[in-house]
Amino acid sequence: MHHFEYRNGKLFAEEVNVSELAKQYGTPAYIYSAATFRRHFQAFDSAFSDLDHLTCFSVKANSNLSVLKMLAEQGAGMDVVSGGELFRALKAGVAADKIVYSGVGKRAAEIKQALEAGILMFNVESIAELHKINDVAEEMGKIAKISIRINPDVDPQTHPYISTGMKKNKFGLDIEHSLEAYKLAAKLSHIEPIGMDCHIGSQLTSISPFLEALEKLLKFYERLKEINISIQYLDLGGGLGISYEEEEPPHPSEFGKALAEKLAGVPLKVILEPGRVIAGNAGIMVTEVIYTKSNPTKNFLIVDAGMNDLIRPSLYGSYHRIGEVEKNERETKEYDIVGPICESGDFLARERDLPEVHDGELLAVFSAGAYGFTMASNYNSRPRACELIVDGETILVARKRESYEDLVANEL
Ligand SMILES: *Cc1c(COP(=O)(O)O)cnc(C)c1O
């Protein structure tokens, strides 16, 4: 459920006409719906209301400060994977004790930054990292609270680039090494193990891999108790999928219900790290058709947004629904919708049927609120797009379009 809909053939973001937004702020532009963000967060969070839990939004899905602030106001904690994301979360007003820090490559300076802030816990991904955190904490005279990211070796049945919980992935520690890590953690002077963590992948469209992982973690929890390590938190990561095309992912309430059953009587506080399911369908990207071009085998729509603006189609072969901002009655044609970047992999969609489109017309790329702007780059020296938040009739420029001067601001 989202708040981008057609009214008399014209696309609206909440109460605002998208084509007027594009006229005023230019293209390409990311447009987010505040009501959708709030609604998705509340729907997700309340799905786990039978459990003692904390919902930590995954900052890498959409890290715009205004978005984070909006979610923090709804009670969200945050899951961060870098010092930069931690900086953003704190700046957006998120309480440090609602922040968890994941990622395989935390540097000493980032660990220090997190200890200074007083985050809830580090999700530790290697033995070497555990030692590093202990060293930094010792230097600072602090105790670092940690969980070990356990790789439960389950197949999330998603794209290989976004599956993270299998043996071949770089993330976390396998079960046996995890046990060793907890034993070590219990011995280290400036480490306190307080949780277990896993995150098995992204865009999951079934809850069974989550439950399979949960089962393995609960067995592991028993082994921890046997060696007198008592923890309070169970972090199950993110990964719940959304509908880009025809996927029918489970509603969070289905996941919540299943968790509540499996965790009845288990004295652990659950942490969830949703990203895509909150942000994905809360944003669109609007782009203008610059040229049309045909050859004997293809019709191309050359648009002003490229893989530097939205890389998911190029990187993962992802599907994004694309529609006209103003509907027309023309006959359908098959198009490759491509950007201006000098790469053959620069496309938003291939072999897509659309009513015939003319240059100067606008297209909306749907489901672009997660891993859209956050993955944008300046490749081909293209200034990054603006980010707008629509809230009812109100428009907030959450990030202004970059200028050419911005492109070279840090260069000699
Ligand atoms: C990316 C990530 C998430 C969020 O994943 P979604 O699929 O967007 O829900 C959560 N936790 C960790 C550790 C991540 O790396």
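One is the number of the first residue shown, and numbering goes on along the chain from there.
Cβ from N, Cα, C; glycine included.
These features come from TrEMBL:
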type: ACT_SITE; residues: C342; note: active site, proton donor
type: BINDING; residues: G239, E273, P274, G275, R276, Y371; note: pyridoxal 5'-phosphate binding site
type: BINDING; residues: R276, R312, Y316, E343, Y371; note: substrate binding site
type: MOD_RES; residues: K60; note: N6-(pyridoxal phosphate)lysine
Near the pyridoxal 5'-phosphate site, what residues other than G239, E273, P274, G275, R276, Y371 in the same chain have a C-beta no further than 8 Å from the centroid of the listed C-beta atoms? S58, A61, S202, G238, L240, V277, I278, A279, A370
Cβ under 6 Å from ligand 1: which of the binding-site residues P274, E343, Y371 qualify? P274
Fewest other C-beta atoms within 10 angstroms of its own C-beta: which of the binding-site residues P274, G275 fits that? G275
At a 10 Å cut-off from the C-beta of K60 (N6-(pyridoxal phosphate)lysine), count the other C-beta atoms across all protein chains. 19
Could you measure between E273 (pyridoxal 5'-phosphate binding site) and the residue listed as 'N6-(pyridoxal phosphate)lysine' for me? Cα positions, answer in whole angstrom. 11
Roughly how many Å separate the Cα of the residue listed as 'active site, proton donor' from that of G239 (pyridoxal 5'-phosphate binding site), to the nearest whole number? 32
Given the recorded positions K60, R312, Y316, E343, find the one whose Cα is closest in space to the Cα of P274 (pyridoxal 5'-phosphate binding site). K60
Cβ packing number for the residue listed as 'active site, proton donor', 10 Å threshold: 9
